Amino acid sequence: MWLLLPLSFLLTSTAQDGGKLLEGEECAPHSQPWQVALYERGRFNCGASLISPHWVLSAAHCQSRFMRVRLGEHNLRKRDGPEQLRTASRVIPHPRYEARSHRHDIMLLRLVQPARLTPQVRPVVLPTRCPHPGEACVVSGWGLVSHNEPGTTGRPQSQVSLPDTLHCANISIISDASCDKNYPGRLTNTMVCAGAEGRGAESCEGDSGGPLVCGGILQGIVSWGDVPCDNTTKPGVYTKVCRYVKWIRETMKRN
């Protein structure tokens with residue numbers, strides 16, 4: 001098993017070749033207007049979701065001391081107008097978060113200055129129900145992507161690189177019973193599995209904290225899965241947002 005590590009960790013580690021949004025393609029620019037990029041000391045670290053003008057939701061394992069929030073992004077290396085830079089005044093991981101078991105892998109960030117809502121920057125809707133097996137969803141992120149390059153023998157070899165642009169993958173919700181067969185004894189009722197038939201997780205390291213959106217509703221946060229994620233048919237595991245709506249709303253109200 002593995003945790004979907006923040007990209008800042010991967011960039012300072014060795015031999016981390018698995019991190020990518022598998023089989024994903026570049027998203028239509030600003031088609032995911034709730035998508036957030038979290039930065040640490042000037043480096044892209046994790047994904048996140050805008051849920052209100054003042055609040056961003058991500059994974060607790062993305063927590064760091066120096067977090068900057070970038071909204072309205074598509075190409076991280078170019079500015080085309082709608083981008084907004086914000087600072088987090090409060091970083092609030094779930095009080096029961098457990099790094100070892102991945103339980104309660106959810107975190108709220110309060111922005112010092114609220115987001116200015118535009119067609120390219122707007123909140124995603126929180127769920128009023130939990131997702132159903134087979135429900136169609138989209139996972140998005142700037143995690144590492146793979147591509148084939150000619151190798152020294154002339155045969156194509158898989159290479160990985162950090163994409164400039166936001167990538168999306170179409171996946172669907174996997175039933176708890178089916179997912180439990182892949183991760184026996186590891187799942188809780190605060191986790192949900194999603195993947196693509198015969199292709200596995202789709203999300204991988206670097207996509208951490210990003211949104212799993214089903215029918216315009218935020219149903220999951222990229223959390224953990226199998227390793228190596230570019231060579232598995234097991235689904236990815238996401239924090240099940242519907243189980244945390246009460247905590248989210250109460251925390252926002254108190255802060």
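Placement of Cβ uses the backbone N, Cα and C atoms for every residue, glycine included.
Matching Swiss-Prot disulfide entries to the candidates C62, C130, C137, C168 identifies the partner of C214 as C137. Here C179 is paired by Swiss-Prot through a disulfide bond, and of C193, C204 its partner is C193.
Which of C27, C62 pairs with C46 is settled by Swiss-Prot: its disulfide partner is C62.
Shown are the recorded positions N170, S208; the one with the most C-beta atoms within 10 angstroms of its own C-beta is S208. Counting other Cβ atoms within 10 Å of each Cβ, the disulfide-bonded residues C46, C193 show the lowest value at C193. For C214 (disulfide bond), the nearest neighbour among the listed recorded positions (H61, D105, N170), judged by C-alpha distance, is N170.
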